[in-house]
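Record features (Swiss-Prot):
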CARBOHYD  ASN4  N-linked glycosylation site
CARBOHYD  ASN30  N-linked glycosylation site
TRANSMEM  124-144  transmembrane segment
CARBOHYD  ASN159  N-linked glycosylation site
DOMAIN    200-439  domain 'ABC transporter'
BINDING   GLY234, PRO235, SER236, GLY237, SER238, GLY239, LYS240, SER241  ATP binding site
TRANSMEM  507-527  transmembrane segment
TRANSMEM  560-580  transmembrane segment
TRANSMEM  611-631  transmembrane segment
TRANSMEM  636-656  transmembrane segment
TRANSMEM  661-681  transmembrane segment
Amino acid sequence: MSSNSSCLVTNQGGALPLTATCLEGFYCPNNSLENPPEICPPTPQCRLTRLQEYHNICDHAQGTYEPIVCQPGFYCPSGGKRQIPCPKGHFCPLGTVEPFKCFGLSSCAEGSEREIPLAGLLCSILLDIFLVIVVSWPFPFAWIRQLSRGKLRRGAGGNDSESGVISAGRREISFSESKYHVSQFFTSDGSHGTAAGIEVEFSGISMRPTRSGIETLCLQNGVIRAGSFVGVMGPSGSGKSTLVKVLTGRAQPTTGSVLINGDTCRAAELRDLLALVPQDDIILPDLTVQENILYSSRVRIGSSRKDSEIEQYVDHLIISLGLNKVRNRLIGEVGKRGLSGGERKRVNIALELAAVPGIIVLDEPTSGLDAMTALSVIELLKSLTKQGVIVICVIHQPRLEIFAALDDLLLLNHGRQVYFGSAAAAKQCFQDAGYTFPLNSNPTDTMMDIMSCHDNLHLTDYPRNKPALPKQNLRIVLQSVKKIRAPWYCQVLLAFMRGTKQQTRQYPSFVLEILTGAGCGILIGLSNYEFKGHLFQGLFHLPFQLLSSPVSYRLLTEQGMLLCLTIGCAAGPAGVKTFGEEKLVFLRESCSGYSEGAYFLGKALSTLIRIFLSALHFTSFYLILTTPIVSFPNQLIVNLLYFYCIYGAASMISAITSPKNGPLITMLTSVLFCALSGCAPRLASVKSWNLAWLWYICPAVWIAEANFNQYTDPLAYLYDIKPAAEDAIRAWDRLSLHSLFIV
């Protein structure tokens, strides 16, 4: 340094004097009114440092009177006369005026330039331990209870059979007694959905799909009276399933109509009145037999009976269907041990009987059942008809005992009505038409053979023996049925409790989801580790702009895009499972009168626990490695909101795509969101294309802007933030709006 210059380098034009005093965030120990701040040419070593993309701030001033930004690990109070080491419990990044207080449980030693937040990691560990205890704790106690129950039964001289159940303080309940209690629960006053006096009439029903143009169903007029047990038979492709869909409101006939008590009934009203047991066993696999049946009963008759009465009824229903031994067993699914095919069929029937319907339609309820079990199911259904319930049963060549239980018989062939009348008179009707039946043969087998050989067969209908009962007004019946259902808010609570219980049973996928969130947080954190929390560098405020090193605006926008990408990877596939695996269950429940809104809200609320835990693990590891200036709560809120967005998008995708394609489409959607985050192409370019509206309907833009604000707001005293915001066309002063738009 020469005697007449204060700069380290004197051969490049000397100092450029400044007219301002020391700005906040700078260290100016030698400046005064007589010696104002000045800018000196950099030394070769400092010049090389300033040419670096990152870590480009020189450690020392280039002259006696040149200000230097306050170094990391120190803070410089207003005036810039002192550079003080950062105290313990605080951290001081580049240009600190007042030390930033560390969040609770963070690692901040004396002289820290960044905060290492450990609160999230500690919360994650504690919550993980708690969840492990919750999931594993019931098992030893369940084993003890099972052992005690076994000793009690052996001591009482009983056994664990399907014919009875033992509970504390109660005697053994027999199969026949349970069947009696079930039939008595179907009261004849209509207050529980039975609505005695209901009469079903179909008039000129036909179905001709527009695509094929082939008539699949063509019926003459028919009436089904209250208390009738009607069997529907016919060869494959005869229109039995089509008839079931029309009668239950699942399909709209091309011509004709279905009448209830003489009034035309719309499809939605039919779904309210009738209970359908589909041929496929559509049941939630992660719940037990009792839990599935109880849920159905609580939703559909929750307003008419006390919960204790519903539980007692479900107990009797389980025993009467021979499910007592498996009442606490999970339903299971393909490749996962659960119930047998016959047991699943009986649970399928119990789900609809739990609603105490006035009309129940069953599509092949005896398929997959052994002879004795099939007969017991038919006997239970027969007992319900004595309470005025209409039972319509699609059966395929039943045994003699089952055929004898039928009151009426409807025979279909190629969609046309062959016979509709008394089941007992059907054989005689065929014989009167000139057909013979072999001795000691099952008449249903012979009838099926005859229809298979004669496509245009039509027999005279024989009158039914069931007398007409006094009819109730259809509107009164509909009101009584809707009145007994659980209120909407109760259905939300029930759906939430069911969804939460499912989460506890899906712990392998639950653990994988949390580990994925933690892994994604580690990956993005490692990509930022070398920056030591210094993710943004802008131009210093005037007149110190010439002291600025190259700016790094793009790093922060890239950070927002990476956040969107990694959160999409962590939350997308998991979000598909929320609704995608239950689509068929939802459709069945929706057609049975369950509130669709209550289901979606309750299910969504039950997933908030998973969303929070995934976001917590992601944020904890991300912040430990990235160590940004952003506080742990603020970063957690932003990440949590984007997790919620991805879950919502994945849920909508799963509702309109197949389970096979859902995860792939969700990942592609997440990548699309990242592309529309405003990083590349920049929002400045997008605005020139007049396509900014497309970017702003994407949640990734809003999380990127929220991330931008969280990093730049605390440094606004040091850097001129406006040029950085204009470079990316970011709204740097509306953080509160970002959270709203993300949601």
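Count begins at 1; order follows the chain as displayed.
Even glycines carry a Cβ here, placed using N, Cα and C.
Features recorded in Swiss-Prot, as mapped to the structure shown.
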residue	record	contacts (Cβ under 8 Å, 6+ apart)
ASN30	N-linked glycosylation site	THR64, TYR65
GLY234	ATP binding site	LYS240, LEU411, LEU412, ASN413, VAL418, MET448, MET451
PRO235	ATP binding site	ASN413, MET448, MET451, SER452
SER236	ATP binding site	none
GLY237	ATP binding site	HIS414
SER238	ATP binding site	LEU412, ASN413, HIS414, GLY415, MET451
GLY239	ATP binding site	MET207, THR216, LEU217, LEU412, HIS414, GLY415, ARG416
SER241	ATP binding site	GLN279, ASP363, VAL394
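With a cut-off of 8 Å between Cβ atoms, the residues of this chain six or more beyond the transmembrane segment (636-656) that come close are 120, 563-564, 567-568, 570-580, 583, 604, 607, 611-612, 614-616, 618-619, 622, 662, 665-666, 669-670, 673, 699-700, 703, 706-707, 710, 738-739, 742-743.
Secondary structure at SER236 (ATP binding site), taken from DSSP and collapsed to helix, strand or coil, is coil.
A simple way to gauge crowding: the CB of LYS240 (ATP binding site) has 23 other CB atoms within 10 angstroms, across all the protein chains here.
Tertiary proximity for the transmembrane segment (661-681) is limited to same-chain residues at least six positions away from its ends with a CB under 8 Å from its CB atoms, namely 554, 557-558, 560-561, 564-565, 567-569, 572-573, 575-576, 580, 646, 649-650, 653-654, 694-695, 698-701, 703-705, 728-730. For the domain 'ABC transporter' (200-439), the model gives a mean pLDDT of 87. For the transmembrane segment (611-631), the list of distant contacts is 93, 100, 103, 114-118, 120-121, 123-124, 127, 131, 513-518, 520-522, 524-526, 528-529, 531-533, 535, 566-567, 570-571, 574, 639-640, 643-644, 647, 710-711, 714-715: same-chain residues at least six beyond its ends, Cβ to Cβ under 8 Å.
The Cβ centroid of GLY234, PRO235, SER236, GLY237, SER238, GLY239, LYS240, SER241 marks the ATP site; residues of that chain outside this set whose Cβ lies within 8 Å of it are LEU412, ASN413, GLY415, given in sequence order. In the three-state DSSP scheme, SER241 (ATP binding site) falls into the helix class.
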